[in-house]
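What Swiss-Prot annotates here:
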- S219, H320: aliphatic aldoxime binding site (BINDING)
- H299: heme b binding site (BINDING)
- H320: active site (ACT_SITE)
Amino acid sequence: MESAIDTHLKCPRTLSRRVPDEYQPPFAMWMARADEHLEQVVMAYFGVQYRGEAQRAAALQAMRHIVESFSLADGPQTHDLTHHTDNSGFDNLIVVGYWKDPAAHCRWLRSAPVNAWWASEDRLNDGLGYFREISAPRAEQFETLYAFQDNLPGVGAVMDRISGEIEEHGYWGSMRDRFPISQTDWMKPTSELQVIAGDPAKGGRVVVLGHGNLTLIRSGQDWADAEAEERSLYLDEILPTLQDGMDFLRDNGQPLGCYSNRFVRNIDLDGNFLDVSYNIGHWRSVEKLERWTESHPTHLRIFVTFFRVAAGLKKLRLYHEVSVSDAKSQIFGYINCHPQTGMLRDAQVSPA
């Protein structure tokens, strides 16, 4: 048994864990490890927004263009594709890329082909919406948790190895305790979301300034290789409860501190669904996320179901990654997206 916080990220605690040192978790879980040379990662969500079947072909082509741009110099180490329909009735395709070198990401983002495509007048006139939501947490600003040990998705794919069984899981507050920065920092939000360019109500190009310790969670489910019993467990028991919780946050998350919640399904380049899904949640703070997970009936049902089945999982793959980041390490840009998209809903617009 080992600590979730890797040796080179440990420091003298000024903030205590939620459990005593002799705590033993009820089942095995693991996390992704990186060597001490990893200083920061980039989690980049590139979206294409459209409405209805008439725009689907154009949206898929735009998605494929983004994927093709990943093959340019300094592209990401891994990526995946998703679809979801939001509560305003718009379809959204998201290409998610991960970099383990923020300088490489910066060079890629500023490269002539990538920059020219985003800046083109065509983006304003082709009838689609686009967004970029990018966070670059430092090594001490994110944690991961896996119920399996191979082929890690998401940020795990750019890490170096899997841990041994970890101590910090299976209790309320364990998410926070897995953050290396939690040893000395409460990870409190530093300000509010602010629109710094454009007007969400008018469409066009809009830029939102984030804030320190804005929290991003990706919580995933992969039943592609699961056999009949586990597929039934996921589709008939876990998924309905999970869907209820995710829909609740999507529709009612604002007063809870949830800026945006998207329950997405993985797809291939042609838009065909895969048996993989995950939730993308942006929150004001870790504390706001904790408060919901520990108290809301929908999440309590999810938690109870997971606890009941976790020890027996074979090919059903469940995981999550949670990060905070500094405002200077965030990018939130939107082009012709409806005003409920992503950070637009809760961002404050400065008086004219």
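The backbone N, Cα and C atoms fix where each Cβ goes, glycine too.
Keep in mind that what you see is a predicted model, and the values were worked out from it rather than measured.
A Cα-Cα distance of 14 Å separates H299 (heme b binding site) from H320 (aliphatic aldoxime binding site). The Cβ neighbour count for the residue listed as 'heme b binding site', using a 10 Å radius and every protein chain shown, is 20. Long-range Cβ proximity for S219 (aliphatic aldoxime binding site), meaning a same-chain Cβ under 8 A and a gap of 6 or more residues, is found for Y278, N279, G281, Y319, H320.
H320 (aliphatic aldoxime binding site) carries a strand DSSP state (E or B).
Classification of the residue listed as 'heme b binding site' by DSSP places it within a helix.
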